[in-house]
Structure formats: C-alpha cells, structure tokens
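Encoded as structure tokens, the structure appears first; notes follow it.
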C-alpha cells in the first residue's frame, strides 16, 4: 500500500470524516490498506478476538510498555518493509539492553493514546481504542504465529512467517493503528467535532475549538501540543526522526514527498511546516501568540517577517524555539501598528518552506463603543481569544430530562436567500509563497439577497480577490448600472499587494418598487472573470404590512405544527419572574416573548437534524457556553467565543393563524379585565449604556436560577454569546448605512429587517424613541417597528466599522446580551404619569398572566414610521419628556394677508406645525413641496406674529441632517477616535491602577443638529457617563477646540452634562461639532451639525436675543418682485440667494472658486454667464453642487480670457433671480529658472589655511541654495564652516582652517518654482611642504571632448572643473600635460 495514502488527509477533522462516511468511503486512502474482502475478514477476526479479551493478563501490559519505550520507528515505515526495518533498526542499537520483541505497533499507538500525554477525550469509537481489543488481536496473532512473547532477540523477517490468520491479524491491527494515528492527529487540530473548520494556513481561529483549557495558564500551548508531547515521549533519536517523517507525510498533497530509504536517520529533508500559523484578531494591548512547527534535516533556520520586514528578538517581540521544532513569536502588548501579515520562513540546504498568517489589532477606540466593552480579557499568560464580528443566532434548547442532553440548531430569517455567504477567511486559504500574483477573480464574500421597504437605503456589498487590475461592473436585470447620485458605486482598493482583496459596494440611496430585481457584480481581469448575484425585493409602502406573509415561505417545511402556545407563555413568564430586574431588561424585547416560546417547540422535529453532534453530549460538554446543570460554569471568555461568519440559518416559523387569533382574544380579554385597575406605569426607555465588561464568576453564577435545569426559554434567551462583538477586518462602512430600517411584517414575531446593529442602533442623530402607551389594541396587529425597550436602545451609538448589510440573512433576531446591564435610572414622571410611576421590577410580578406579560412587552399603539422620506430614522420625543404644548399662535386676519404669497406660506407653516404630532403617530408623510419648504425656510420661519418661549425657539431650531451629511459626520468621528488629541488643560487624570467595574464611556443624551441665523446664540448639550470619569474633547470639523477658546464656552457639570456655547454665531461657525469622551476602557464620539444662515438681505429684521419675546412682522413683498397685481402662484417660491460672493481678484494660473447658495420652490436651476455669454462646462470650468445646497463655479487654471463680469441666474417656475460679480485676473508673475553667472572653481589650499568656494546665481523668484559635500548635505553653518548669500546672487562657502577631511567634491544647487541648477567643484587640501616645491611652469590642458556635455546638463560642470587656472600646482609637479578626458 502507498506510504502517503494514510496521511493525505492528515489535517481532516473527525467530524468531516464522519460526515463523509455517510455518502462516500470512510477515508479516501483506506482502499490502499486492504481490499473490501480483507476488511471484512479482519473485522470478523476482531470480533472473535474481543470475545477472548476477558482472559488478558497483566503481563501483556508490561509487554506493551516495553514495546512502547523501545522503537516506534515503524510508525512511518512502508508496511511492506515494516518487519525488515524493525530488524535492522534493532540490530543497529546493540547498546540498548531493553527487550525489543517485534510486535505490530497498534499497542504502542494505543499506549500513546491512553497515556497521560493527551488529556482529551478520544475522538473515535471506544471499540477501536480499547487496549483489550488490540491486545486480543495481538494474542490471537501470537497464537497463530506460535512465537513466544518473551523472546528478547529481534526477529528477522523469515521468522515472522505465519498462517493466513496471523497475516489477517497483522493487517487488521495495522488498519486500527493507522486509523488511530489519523484520529489522534486530527483531534488537536483546530476543527471541532461538529464540523466547523478553519483553514490549515492563515485561517481564523474557529470559535468552537477553543476549550476552556485554552484560557488557563497553559493556554499559550499550541493546539498541536499533543503531537509535540507525544514526540517528546519518544526517547531514542531514531524514534524522534521517524515521528517527524510521519509528520512529513501529512503535508498537503501538492508538495512532493521525498522517497524514504531504509534508513531515514540522516537523510537530508527540506523544511516542512507540520503546524502552520493561524490568523488572529485581537484587541489592542493584548498579547499576540504565533506558533508553528517545522521539520527538516538538518534542523532548519527559522526567520520571522512582518509585511516583508524581518523581525528580531526585542523586549516587545520575543522569538523562541522550543524542542527543536516548535517556534513561537510573542508580541507582549500589541498595537494597531502591529497589524499585518506575519510570515515564518524555514530554510536549510535542502530547501525552504513558509507559513503566513494575518494579525489584525482592533484599535481601542470608541467606534465600536457598543460592543467594545465586551473585549476579551484573558488571564496573564493566556493567548487572547480572537475577536470576531458575528451575526449568527444559536439557540440551545435544553430538554426536560437531564439524560437526553441538548440539541443545537440555527435559525434562518424569512427571506429569499439562495446563496450561502462565503466566509471572509476563505481567501486566506491559499498556497504560501510569492506565486500568488496571477489568478482570476474570486469572490471571497458573495452578495446577499435583500428585502427592504420602499424608500430605504440599500447597501449591496461583496469582496473579490484577483490579480490587479480588477474591473468591476454592476448590473440590474442584465443592464449595466452607472455611478450616479441614486446608485453610488464604491470600490475600496486593497491595502497591499500581498492581500489583493477589493470591497465592492453598491449603495441605492432611496429604493422604489421598480428597483427590485437581480443585481449582479461582475469582476474581471486578464486571467478570467467571476460574478456574484443577489436578489433585491422592494415592498411598496401600501403592502408593507403584508410583506411578512409573502416572504416567509422558503424554509418553513420543517416546522408546520405547533402545540398550543399558552403553556409555553406561562413557562416564559414564570422564568422571567424569577429574574432580577437587570435580567428582565435583557429579554423584554417586543418580539422575544412570543418568538422564544414558539421556537422552543420546533426542535422536537429538528433534533434528528443535528449537525453531527451527539444529542446528549453537546459541544465539548458545553451548551453554547452554558454548562450542563451538573457542571461548573466555564470562564467568561469561553462564553464569548465569537464566530466570523455563520453558516446559513434555518427559517423562523410562523404561528398558525388560529393560534394567533387565540392569543389575541386572550390578551384582549385580560386587558379589558385589567382596565378597571390602575394600569402599570409604562417604563421609560432611558438611553442604555454600552455593554459592561464580562462579569466575574460570581456574577455569572448569580444569573443562573438555583433551581433545576433552566427551562428552554431561559436557555434561548441567553444562549447567543456576544452577538455584537467588535471587529472589522480592513474595512469600515459609514454609519448612515445602518440607520434603522425595518420591514415591518404583520406580527410581533415576524422577521425583522435587520440585525441588532442595524435596527436598534440607528444613526447618531436619532433621539430616544417615544414610550408607547398600553392601549387595549391587539399587539399582534402592529408592525415590528422601533424596539423601544431593547437593552441596547436607540440612543446607543452606532459603530462605524462594518456592520452587516441593511438586510442580512444571517442576522435575524435582536439578541439579548449574555451579561446583565446596569438598571436604568428612574424615569422623570410627567404630571399625567406621576401617580402611576413604579420601578421596572414591579412590572413583572409573579401574579402576571402570560397574556398580561405579553401585552406589557409589546407596544399597543402604532409606533412611528421607522424612516422618513429620506430613508433616515425619524426622531420622536423621548419618554418621560413629553412635548410641551405650544401656545396657540396669534394669526393675522385673512383680510390682512389675502391676495399675497404669505397666504401660501402661512398655510404651509400651519400644516407643518400641527402635522408634527400626526407624523409621530405614523400618519401620511409630508409632500415633497412641504418638505422642501421646511428645509429651505426653516422650521421657525412662520410669517405670522408668533410669540415663543426660549426653549420652544431652541426646539424649532433643530433639524435633520441628510444622508450625505451623515456620511461626512461618520467619517469625522471614525478619524477622530483613531487620532491623538491635545491633552493640555485636562482636569481628569488616570492612574496606573485599573478601576474595578470599569465601563467605557457612553452617551446618555446626544448632541442635536441646529439650523440658526447669523448672530443667534447656540448651545450644544449632551450627557456622558463612564467609569472612570471620561475625558472630554470638543472638535469642529475635525479640529480640536481649545478649552481656553474666547469664542466658545465649554462647560461640564457634575452629572456628566457637557455643553459648548457661543453667544453670537457667525457664518464661520457653520460646521460639524464633535464631542469625544475617552477613558482607559474606550472612546466614543457624537456629532451635532450647526447650519448658520445669512440674515435676509432683503430687509429681514435682526433677530432679537434669546430670552426676549420675538415678534416678526409679516414678510413684505420684495422690491423686485414685479407688478403688485401678479397672480398668486400656490406652492411656488421665487429663487432667493442666501449667499453670494463679491468681486474677485485671482492670479493667472491659479484656481478660482465662486460659491453661492439659493433657495426656492421648486429647487431652482442655476446658470452662469460671462459678459452675457453662457459659461459652458469643460476641462477648465466645472460647476458643482454640494450636499448643503452650495453651488460652485470652479475655474482652474484661470487665464486672462476668464476676466469679466460673471452673472449667476437662478430660475424656477415662480420666477428668477440673479447676482453679478467681477473677476479680475492679475498678470502671471514672471518666473525665470536659476542660472549660474559665475560657477564654482576647483580650488587647492594648504592644510590649516582658510578657503572660499564661491559662485553667483540669478533667478526669479530668488532661488533657494543647497550645499552638498560628496553625498552629505550641509544644512547649517558652524564656527568653522559657514554658508553666506547676499541680495545680488553671490554665494560663498567659507572654511576656516581647512583640514584633510575637508577635501572632496562640493556641489551647490539653486532651486525656485521655475527650475533647478547645480554646479560642482573639487577642493584639495595639501600639506605645508608642498608649497615650497611648487612649479611655476605653465601647464597645458588638452580640450575636453563632447562626451562631458551630458554631465554638464545634469549640473556637473566638468569643463569649469578643469580650467587651467583652477588646477592647483601640486597636481602638475611631474607632468607637463593634464589629460583632462582621463581624469
């Protein structure tokens, strides 16, 4: 049989082989061991041998131990040479006095498996590993061969001749031996028994193969440590080398195996990595531990590289070699600069081998503030567990009987997924080496099917690898999509040629039903092409409520029937009632009450489809990180083991309509019965802090009820570990793409539209959601909108690193955190609520019925629309802070304003004011014209006599930012959180002692966006908390604001309220204001937009200071508005320039920019004219429109033909308006490149005498001068060597007391905007005695040829260097002719 066949799949895990065995052969190479007939005979013989196993004696055990300590060399031998080599090997070791009876090696292998070397449970059938079974085979073989077991002499091959039974015994034992070695080698590898795998090279660590032992003090050991220890158990050098050869057989089959001679002891072998590096993603400040094993003869030399740069032993980077073959690289404290591709290179005279892995250091910034406090903390000496973003939901359902164990299954959302999501780590599984630059495109992350509601933002993203240049195109239904404001095509280039992966994104700013279809991303290069396809489903606004019915038919076939839900709900309420208030907060999500209860009934049918995991055993003895009832809890880091990309999930079921109606009726009856009693106070939803760090053991133990094993709902509610753990690999998507966007299915348990990081983490400007009342309306009739009571409420900041797409098939359920959150502060009672205020804990008493519990969880009134017309989340009033009823405006009489345009404006304003409450109740949205009027005129631009209080004035100044502005805000925050800050004047200082119960900063109240007029005061206010007390930094447009600023007043109160105030705003104050809070636990930032509008130039009265009653007169008709009798144009407003530039003077050749801002309804069109002639856009003239409505005419470069009178004309249906300015183009300054009037001369000087090197150069503008000696720049003057320059172009280098070291070539360079020129000369320094022997004989110089002309053009003036008068006389003492061309 083949020597390598048993090892070609050395790295395959047991779970893979178990799965393959159902459909194909158990092991691909077994056919090389035995024929099918021989296998059958061997197994029959094995059964008979087992029957004799009871008669085994203790002597055989001694015999096995002797054999094991002697020579395991034949583990790696070809079976046909096994006996011969055993004899030869034993004869080569006469000094070894131990007995070496020749036995087949299954006993030795068995000994190694059952020895204390491996503490793991064998991953194979106990039948195959029972020592009695293998010993029985040996005894049967001995009886067949008639060989005494006490013979000490080694046997020769002819002595081994036995009957056919002996040969069959030998083959059966060899088969078991090979299987045992395969299983033994496969177990420590980083695959888990349930089939989840990592790549053999450069793959991410799989989360399920991290047993709790990894986090103990010995956690830094390699997962292959069993092999290493087994190798160290082998005492003799021959045995060790043989084991290495056995490992060599395990390399991937694309490497050639060297033929093995009879004696493999000293045969040279090229290095091979038998254990490769693994990619990691760790938090900043954690320890990075890379290890690999390499074999080779002679022992290879191992070197480490990071991004091609060799690493050496330093205090920060420790490189070790243990046991000759285990090589480790440890970074004691990792920082973001350590991110990169690490390569280990092993070389010896026979060849070389490499292994590489990616190490990504997640910065300790507040971008991931919601989840960063879940950073994995391992004990000293432990390898930090890789952090990964995950969107999977794993529900572990415990059975009522402790004997039946648990079943783990995953659930898929109701969508239209057809393709599986490829793991982002798949691109790392490629051959090492430098030959990876030529390959066709490969999609490492496919597009995902998406379903959205009309008007939402859609992000389609995929990742592709391939040899550059990659051409990426997008298609919809076969038609190519061009980049436009509606369909933005983004392509992020790879960060290095070593990892040529591009991120391709298609962003649809606002979706309409006609946008639905099949979207295809096509990537091609010179070596091939690839495509990725996904389907986009757009539900129109009027069918939004039924979308849940139409989308959920894909994966329901396994879950059709459900028992009646009331008993389930009773279980849920009882289980919840026993929890602490902080635990209740985790699970009071509007959908969890029903979905958990319904889901726990599905798994009776799904138990037969477990993923290769024994139903009563779980995974590694754990039930998704929660131990069985008779086991101790694992460490928190085990609970938090994350996943990188989950497999596709099974479908979430729908309840039977009859059951649904039953529930509705029951809830309605109980609500009507409870209406006679005082209703429980609705609990407010204060801004929730980010998740605290993982609690210690006692806290986890306290979270577990002390009763019998938890009910299924308890497991379901807390089984998903760290669903929002941070970690972006090389890409950060702007925050506005994860604004709250919900599909709104018809019932509370329908499919939500996005993951927790998208639906419950809206963009930063969203206010806290309004608390909904509990009216007796069937809660199942309202869509799944905002989630007002989710533990990570809407005010939690949304992280800029890449969240899942808008609708991710793998992120279906908002998952409660594993750890309890701190209890929220009590709500501020309003006058109408004061009598009913109660603590959150009183809402969930034992006396509540299941239906009352559900009705308390689910909002009864229709929630506000999740998004506005722009696709952004709508703001609603925070709970506990009811909107103050505004006073009735005193409206001017109709007679006063009839016949003017003010009637239209006033009508619009009245609609806008009184429509706000309707908007919050989900009523029809504003029309396009109303929205434009609101945006252009401002919320406070009513044309009536309006007396307002200051707080109402401030409230009316708030406005919503556009998606483009939000994108800019996200980029600013992302950069700021990763940039150093100025610590001057900071009153908060941190010590080195870590704070107990530390908590990263979080915002209890965020900054708002304001739109004001020039000269008005403005105050940005927010409230921040954290432990220890965070430091606060303010920025404007990314630049830090000094606390000592005269223009801004920065304050911070004891309760954490921070404010930035300016008394009189100017146009320069327009911008984005960011506050960043930082403490040792992390950073977080929040941004408010301030739009400052210029005061109306057409006679608007100046704004009165805040605090005084503000009276505005009705807007008068503008003087240039035309005839008084022109008809009213309803809903149309004539253009009006809010900003216009004045006359400009620009130098010829420079850039000229003219900015203006115009308002009007409908939006005006702008055109530009120069001296009455239209300005056409071309390469030098560009017309741009920015997001904030600023129009720009950009001219680059400006020429004399561009001078003149420019007129900007704004036109819409209501009329037109214009302004003019004059552009004066100044003459271009004359530039002349530098030129040497007098050049440097070769000079000689006696030792100790001063010398001057001088020249003269002219140019316009005056050039800069640079001196060089040989190749060293002379940057500054010293006492001995000084550089001088005057206004007439004279340049001098003065050396006081020249020495031999001053001799050499000197170059002077002159540079200005027009060019650069250089000149070179030589300085020679000779000793004193040369001066007496100088010759006065004139010297002749042969004219130089033209071959030096090229050097002269480059600044080397060779002719000047060899002029007769320039040569010192000591060079011509012995020659009358200087060969200038030979110098």
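Backbone N, Cα and C atoms are what each Cβ position is placed from, and that goes for glycine too.
Note that this is a predicted model, so its numbers are computed, not measured.
Per Swiss-Prot, region 'Disordered' is recorded for 1-22, 52-169, 609-653, 673-728, 740-846, 1096-1125 (among others). According to Swiss-Prot, the feature compositional bias 'Basic and acidic residues' maps to 78-96. Annotation source Swiss-Prot lists compositional bias 'Polar residues' at 191-201, 832-846. Annotation source Swiss-Prot lists compositional bias 'Low complexity' at 210-223, 745-763, 1098-1108. Feature annotation from Swiss-Prot assigns disulfide bond to 292-344, 462-521, 1156-1208; the stated evidence is sequence analysis. Positions annotated as region 'Interaction with VASP' by Swiss-Prot, on the basis of similarity to another entry: 562-566, 819-823. The phosphothreonine annotation in Swiss-Prot covers 635. Look at Swiss-Prot and you will find 676-696 tagged as region 'Interaction with SORBS2, SPIN90 and SRC'. Annotation source Swiss-Prot lists region 'Interaction with ACTN' at 833-890, citing experimental evidence. Under the heading region 'Interaction with EZR', Swiss-Prot lists 1137-1226, 1236-1326.
Same-chain residues at least 6 positions away in sequence with a Cβ under 8 Å from that of residue 292 (disulfide bond) are, in sequence order, 273, 275, 276, 277, 326, 327, 344, 355. A gap of 39 Å separates the Cα atoms of residue 1156 (disulfide bond) and residue 462 (disulfide bond). Note: the region 'Interaction with EZR' (1137-1226) comprises 3 helix, 57 strand, 30 coil (DSSP; helix = H, G, I, strand = E, B).
If you measure from the Cα atom of residue 1208 (disulfide bond) to that of residue 521 (disulfide bond), you get 42 Å. Look at the region 'Interaction with EZR' (1236-1326): DSSP puts its residues at 3 helix, 58 strand, 30 coil. In sequence order, 443, 445, 446, 447, 503, 504, 521, 532 make up the list of same-chain residues 6 or more apart from residue 462 (disulfide bond) whose Cβ falls under 8 Å from its Cβ. Shown are the disulfide-bonded residues 344, 1156, 1208; the one with the most C-beta atoms within 10 angstroms of its own C-beta is 344. Over all protein chains present, the Cβ of residue 521 (disulfide bond) has 25 other Cβ atoms lying within 10 Å.
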